[in-house]
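Copied from TrEMBL, the annotated features are:
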type	residues	note
DOMAIN	376-420	domain 'SOCS box'
REPEAT	136-165	repeat 'WD'
REPEAT	166-208	repeat 'WD'
REPEAT	210-251	repeat 'WD'
REPEAT	252-284	repeat 'WD'
REPEAT	314-348	repeat 'WD'
Amino acid sequence: MASFPLSVNEKLIARSRTVGELLAPTSPFDKKCGRENWTVAFAPDGSYFAWSQGHRIVKLVPWSQCLNNFLLHGTKNVANSISPRLPRQNSDSGQKNKPCEHIIDCGDIVWSLAFGSSVPEKQSRCVNIEWHRFKFGQDQLLLATGLNNGRIKIWDVYTGKLLLNLMDHTEVVRDLTFAPDGSLILVSASRDKTLRVWDLKDDGNMMKVLRGHQNWVYGCAFSPDSSILCSVGASKAVFLWDMDKYSMIRKLEGHHNDVVACEFSPDGALLATASYDTRVYVWDPHLGVILMEFGHLFPPPTPIFAGGANDRWVRSVSFSHDGLHIASLADDKMVRFWRIDEEYPVQVAPLNNGLCCTFSTDGSVLAAGQDGSVYFWATPRQVSSLQHLCRMAIRRVMPTSQVKSLPVPSKVVEFLCYQI
């Protein structure tokens, strides 16, 4: 099927400004095979950034000092060159509370990363609360790493020490996500066709196995209120789970190929999914309907072509914290920034072999991983309207069904439901 690099409209789109690069060190004999960067992550409080450098290595850097380094020394930056400017974990300077850089050897190929922070008043769901090996405080920050051998290793971000080794998956742990409510509930998605729910406040006890996928599970994401989990996988699968009852709510149908990434909007009213069918769909997860479609191939492929191999497979999708922008990363060597109310991207950036992307905690920067390195772009800047801010405030606490029953004009209801 014939394809075109950019539509007429896309040729007029602005290029996103590069913020910086973290380039993995390489030797003359180091081949790219095994250096794939499948995962990048920002800490919930914006204090740290982590990425897989390939092979078995994860790099943890303080994000504020990383940004300062970009400003001082330009955009390019070899990852290990940051080290002299950061306090070491074994330093005798007494700066124990300052963020430290860490290089973590996970023992196997790293496929997934997730940061988790604790809220002490959020009690564990476990039955036995008399004794625990770990008592996580308010200042606790953890990093979960999902490995090729099915293991999940939990690390203390501030010290770089291994805390837990979770061993129940039988295949690659493809994705990890912590509940945003500070409960330290961790969900893992694996090629063994299951999702597993872990309680880290119960020393990593596995609470539940979620079954329903008939093939590999590629990704998972919590809703902002931690009540719903989305999981995506091969064979067009998009599932929504009730995380109070650990039961499936519904299956979302519409994609024509494997679905590889998903993320909720900051207010939980929308769900974005990325697929090998060259499309990003934006759903109303409460109704199970598609509200928007962002295509990466022009003209758009018919279902029979979308279900096969093409050069526009979408690899990753991320929702900005302003609730207005979505970033997508595809095999056509482009990163795209979309507005949820426009058909074409508002900014683009070039990236070869990109595999993953995520917005920074404040939404000002997009990080994307490629061959062990990370590239950063400034995200589109736009002041959110008062109407949109009100919509997000309402949708954080009201599902679509309740919004539709409000005694307000129909146009207001449509706006609150992201239908206009």
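Every residue, even glycine, has its Cβ placed from backbone N, Cα and C.
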Quiz item: Restricting to the same chain and to residues at least six past its boundaries, which positions have a Cβ under 8 Å from a Cβ of the repeat 'WD' (210-251)?
Solution: 174-181, 183, 185, 187-191, 193-197, 257-264, 266-268, 271, 273, 275, 283, 285, 288, 396
Quiz prompt | Spatial neighbours of the repeat 'WD' (314-348) far in sequence, C-beta under 8 Å, 6+ residues away | solution = 5, 7, 9-10, 13-16, 260-267, 270, 272-276, 278-280, 282, 292, 294, 296-297, 354-359, 361-363, 366, 368, 377, 379-380, 382, 384, 388, 392, 418
Quiz prompt | Surrounding residues of the domain 'SOCS box' (376-420) on its own chain - C-beta under 8 Å, 6+ positions past either end | solution = 16-22, 70, 224-225, 266-270, 282, 284, 286-287, 291, 320, 322-325, 327, 335, 337, 339-340, 346-347, 349, 359, 363-368
Quiz item: What are the DSSP helix/strand/coil residue counts across the repeat 'WD' (252-284)?
Solution: 0 helix, 17 strand, 16 coil
